[in-house]
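Chemist: My questions will all concern the structure given below.
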Amino acid sequence: MAAVSLRLGDLVWGKLGRYPPWPGKIVNPPKDLKKPRGKKCFFVKFFGTEDHAWIKVEQLKPYHAHKEEMIKINKGKRFQQAVDAVEEFLRRAKGKDQTSSHTSADDKNRRNSSEERSRPNSGDEKRKLSLSEGKVKKNMGEGKKRVTSGSADRGSKCLKRAQEQSPRKRGRPPKDEKDLTIPESSTVKGMMAGPMAAFKWQPTATEPVKDADPHFHHFLLSQTEKPAVCYQAITKKLKICEEETGSTSIQAADSTAVNGSITPTDKKIGFLGLGLMGSGIVSNLLKMGHTVTVWNRTAEKEGARLGRTPAEVVSTCDITFACVSDPKAAKDLVLGPSGVLQGIRPGKCYVDMSTVDADTVTELAQVIVSRGGRFLEAPVSGNQQLSNDGMLVILAAGDRGLYEDCSSCFQAMGKTSFFLGEVGNAAKMMLIVNMVQGSFMATIAEGLTLAQVTGQSQQTLLDILNQGQLASIFLDQKCQNILQGNFKPDFYLKYIQKDLRLAIALGDAVNHPTPMAAAANEVYKRAKALDQSDNDMSAVYRAYIH
């Protein structure tokens with residue numbers, strides 16, 4: 001893009017990296033965010049995403065002059081929402097100007113007409129006016145006394161009764177009032193709040209819950225679709241209590257039982273995502289004495305109202321971990337509205353524990369580091385039971401210093417951890433591990449069905465395998481699932497199929513054949529077609545018997 005003459009407050013199209021040009025506004029940067037050295041650049045707040053970044057002047061174009069051109073190039077839904085947000089911003093700004101001008105004109109007219117009406121025409125009218133004014137003043141004085149006296153009595157009684165009945169914290173609206181409020185669009189609301197609105201990262205002051213665990217700072221969790229499943233592990237070790245505001249708080253029920261070999265870090269820990277793995281991880285972090293703040297995306301997906309966002313968790317914590325299902329969820333968590341990137345400031349740390357491809361994790365690392373943050377990828381090998389038991393295997397790559405800072409956290413959640421070098425290495429290794437595991441599971445299911453159709457005992461086959469070189473906890477558990485017909489998820493089938501797909505793509509990228517993984521992937525795809533996605537990976541067995 002060609003260089004243009006721009007100034008503070010201008011609406012622009014800004015291009016950041018490989019992303020398409022996006023509408024934004026030039027604003028003042030926060031005080032703690034230094035301007036990068038080198039070429040001239042402006043600090044731009046983007047519409048629709050509520051994101052912001054330093055953009056070189058040659059990557060900027062005036063909004064109005066290039067609006068039609070940009071709209072023709074970009075057709076995405078989020079892009080259209082961003083353009084709508086700009087237009088809404090302009091309409092409101094224009095309406096505000098018109099309202100102020102009309103108001104001043106109307107006030108002037110009202111004053112003039114009032115002066116004309118109040119001007120008496122004769123001495124008699126003056127006397128009549130004086131007498132009537134005296135009566136009015138007298139009546140008003142008596143009425144005022146009565147009203148003031150009655151209002152004061154009623155007011156003091158109401159105030160006293162309200163103070164006795166209401167346990168709410170001062171300054172917070174009650175839950176019922178919150179529910180009745182129609183929320184304004186977050187995008188437009190953020191834009192109309194002023195240039196610095198997105199940069200206020202101050203945490204909301206909250207009073208500590210009575211008898212709360214001192215290691216637990218505050219909990220940002222709303223209800224989910226399946227609380228009994230999602231939080232089964234965490235609620236065994238934690239007690240849930242409702243705060244007066246209606247938000248849910250968690251404190252460790254056995255926080256005193258801290259492992260003597262683990263000295264918890266004094267850093268504030270954030271955790272985003274409480275799925276099968278996340279619940280157990282958070283439970284163990286709390287048990288070992290860490291200060292934890294959590295947020296779960298499921299409630300937001302269902303349309304529930306969350307008091308806080310991933311951005312605020314990141315801004316109030318020193319190290320924030322995230323564990324979500326797939327590359328799209330990982331990107332949305334970081335780059336979406338009120339996402340992780342909004343809370344990143346110099347020195348803030350982000351650890352992504354999701355199993356994703358190397359390209360995705362590299363992209364996330366770049367945007368986090370570009371904001372002055374520190375990044376570590378740390379996908380975990382294991383299942384729900386191992387997560388609950390604190391026996392996961394952690395594969396880390398990226399910032400070595402951050403890896404060391406996470407030492408006590410990794411000890412709490414896993415039995416061992418590996419540092420694999422630069423960002424992307426852990427993602428590749430994790431996909432290879434899960435490729436082997438997924439292919440092995442498909443082979444187990446194939447063997448059991450072959451035993452059945454040839455008249456052999458499946459239980460005897462399992463006994464033989466358990467006495468041989470293939471004996472393992474994984475083999476025994478998955479075979480027991482199949483024999484008992486119990487496919488309660490310990491590792492979702494849809495996720496192992498996703499990992500197989502990503503592993504095959506990894507092989508394709510380096511021209512390496514993966515025929516075994518490809519064959520296993522087809523079996524899992526058939527199982528998904530049979531509605532087994534949300535069952536355990538061992539439900540792949542059903543793909544062979546249908």
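Including glycine, each Cβ sits where the backbone N, Cα and C put it.
As listed in Swiss-Prot for this protein:
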- 8-66: domain 'PWWP' (DOMAIN)
- 91-187: region 'Disordered' (REGION)
- SER130: phosphoserine (MOD_RES)
- LYS135: SUMO2 cross-link (CROSSLNK)
- SER166: phosphoserine (MOD_RES)
- 167-179: DNA-binding region (DNA_BIND)
- LYS175: SUMO2 cross-link (CROSSLNK)
- LYS178: SUMO2 cross-link (CROSSLNK)
- LYS200: SUMO2 cross-link (CROSSLNK)
- LYS210: SUMO2 cross-link (CROSSLNK)
- 213-216: region 'Interaction with histone H3' (REGION)
- 215-224: region 'Interaction with KDM1B' (REGION)
- LYS226: SUMO2 cross-link (CROSSLNK)
- LYS236: SUMO2 cross-link (CROSSLNK)
- LYS239: SUMO2 cross-link (CROSSLNK)
- 260-546: region 'Dehydrogenase domain' (REGION)
- LYS268: SUMO2 cross-link (CROSSLNK)
- 270-284, THR355, LYS498: NAD(+) binding site (BINDING)
- LYS301: SUMO2 cross-link (CROSSLNK)
- SER533: phosphoserine (MOD_RES)
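Show me how these features fit into the shown structure, please.
Modeler: Mean model confidence of the domain 'PWWP' (8-66) amounts to 81 (pLDDT, 0 to 100 scale).
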Chemist: For the domain 'PWWP' (8-66), how many residues does DSSP put in helix, in strand and in coil?
Modeler: 6 helix, 23 strand, 30 coil
Chemist: Would you kindly give the Cα-Cα distance separating LYS268 (SUMO2 cross-link) and VAL282 (NAD(+) binding site), rounded to the nearest Å?
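Modeler: Cα-Cα distance, VAL282 (NAD(+) binding site) to LYS268 (SUMO2 cross-link): 13 Å.
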Chemist: For the recorded positions SER279, THR355, SER533, which one has the sparsest Cβ surroundings, going by other Cβ atoms within 10 Å?
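Modeler: Among the recorded positions SER279, THR355, SER533, the lowest count of other Cβ atoms within 10 Å belongs to SER533.
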Chemist: In the three-state scheme derived from DSSP, which category covers LEU276 (NAD(+) binding site)?
Modeler: helix
Chemist: Fill in the CA-CA distance, THR355 (NAD(+) binding site) to LYS268 (SUMO2 cross-link), as an integer in Å.
Modeler: 24
Chemist: These are the binding-site residues: LEU276, VAL282. Which one scores highest on other Cβ atoms within 10 Å?
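Modeler: The most densely surrounded of these binding-site residues is VAL282.
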